[in-house]
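Feature list (source: Swiss-Prot):
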BINDING   158, 161, 193, 196  Zn(2+) 1 binding site
BINDING   281, 284, 305, 308  Zn(2+) 2 binding site
BINDING   297, 300, 324, 327  Zn(2+) 3 binding site
COMPBIAS  12-31  compositional bias 'Polar residues'
REGION    1-31  region 'Disordered'
ZN_FING   39-62  zinc finger
ZN_FING   136-201  zinc finger
ZN_FING   275-332  zinc finger
């Protein structure tokens, strides 16, 4: 190797020096022929003039590492380019595929259509009379979108409102009936805009589905509550008899302890259980022993141990009254609860009732609004639907009356100090504010709704027109009443002046002219009241 390059030539064996001169000349001739043949490249077969050219050819052509690295990098870059181009094409195809699909349920058809094709299958079922006509250079109906409706952006009719939207603003789906109304049970999946999607019934409900378990709870609770109530009444009667017994009978402490007179009197009211029958305490389930002696409850007569008995001191009783834990739970704790409740301020209970009525008003107001919106949705009005709306409105107004009555009870309740009066006044003011806001927000039922007909926008415009006429007529009547009241005021002043001047003949004339004015005012007031009811 020379200058860092590998030299290729014919290797001459070392044993040539041992040969004779004849053999040396012969081998030299053969070696010269081998050297000539060695100028051919062993890799690519290229013939070169000499060994130096062969070495240069090998170094430049076949052993250049930098060129191999560049070729390898070029091949890697070309592979990455081909892969990225293929992925981009695949992404574009997937996007086009997804763009033509709807991310919602289909109608269960067996045609195999998906996306817009499946949505178009319902076009023959749902009415299209309300669709917006197509004109050139239309833009999306969404107020925040200014896309031009074309083949790329799309031009999709909302099946509910009929307006035209782009693909992005019509990617919603709801169930509609054949009349393009909301029908979540028997409707068909149709493509709609966002406003119609969010405007469907129940979308803005925050409570969700409610299943009341009160009836089941009441079924299980009522027997237990009735049993406890009957037990409380029975124990209260026995307690009352015991108190009357000790107040009517003159029993001294000596008679009670030595002559067992108290025991006989108590047994005359409550039958005591036989000691020999009971071997285990019913309260703690322990056997009776010398240290765990038997005792009798004075209210129920059961046999209990001395560790499960409670001693209740009574004013008229010469010795403590022995009762069991069950009687203490059923009677004395109820008495204590009722006593503590009776000590609380009276208007506090009214405030609690106010909260209950308020919650009920919120629930019935929501139910009334839902039923009224369903009634005015454009569907055929049935007698049952109209009755439900009227009943809910009536129930809501009854709750408002109860709410107002409870509020007046709080206001009229006597106060012991200024702080209590200020607290009551704040509660009443808040209740008044809430009641006024609720009544003002209450939507009235249109008076000319008829069973068997549908509520339309024309009916609404007609109602507004009639309402304006009623308001105009009412304003005219009020102006007339004001004029008549001014005349009455002037006539009354004239009567007072005539009385002061003792002109009694003029007084009679003025009084006779005053009566028709009052009758006319009363008649106009009734007409205004009738118009108010008509407006409601």
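Every residue gets a Cβ built from N, Cα and C, even glycine.
The model shown is predicted, which means the values in this text are computed figures rather than measured ones.
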Residue 300 (Zn(2+) 3 binding site) has how many other Cβ neighbours within 10 Å of its own Cβ?
21
Given a separation of at least six residues and a C-beta threshold under 8 Å, show me what packs close to residue 161 (Zn(2+) 1 binding site) in the same chain.
130, 192, 193, 195, 196
I'd like to confirm something. Which of the binding-site residues, 297, 324, 327, has a Cα closest to the Cα of residue 308 (Zn(2+) 2 binding site)?
324
Quick note, residue 297 (Zn(2+) 3 binding site) and residue 305 (Zn(2+) 2 binding site): C-alpha atoms separated, nearest Å, by 10
Compared by Cα position, which of the binding-site residues 158, 281, 284 is the closest one to residue 300 (Zn(2+) 3 binding site)?
281
By a 10 Å Cβ neighbour count, the lowest-scoring of the binding-site residues 158, 281, 284, 324 is 284
The zinc finger (39-62) resolves under DSSP into 12 helix, 2 strand, 10 coil
Cβ atoms other than its own within 10 Å of the Cβ of residue 308 (Zn(2+) 2 binding site), all chains, total 17
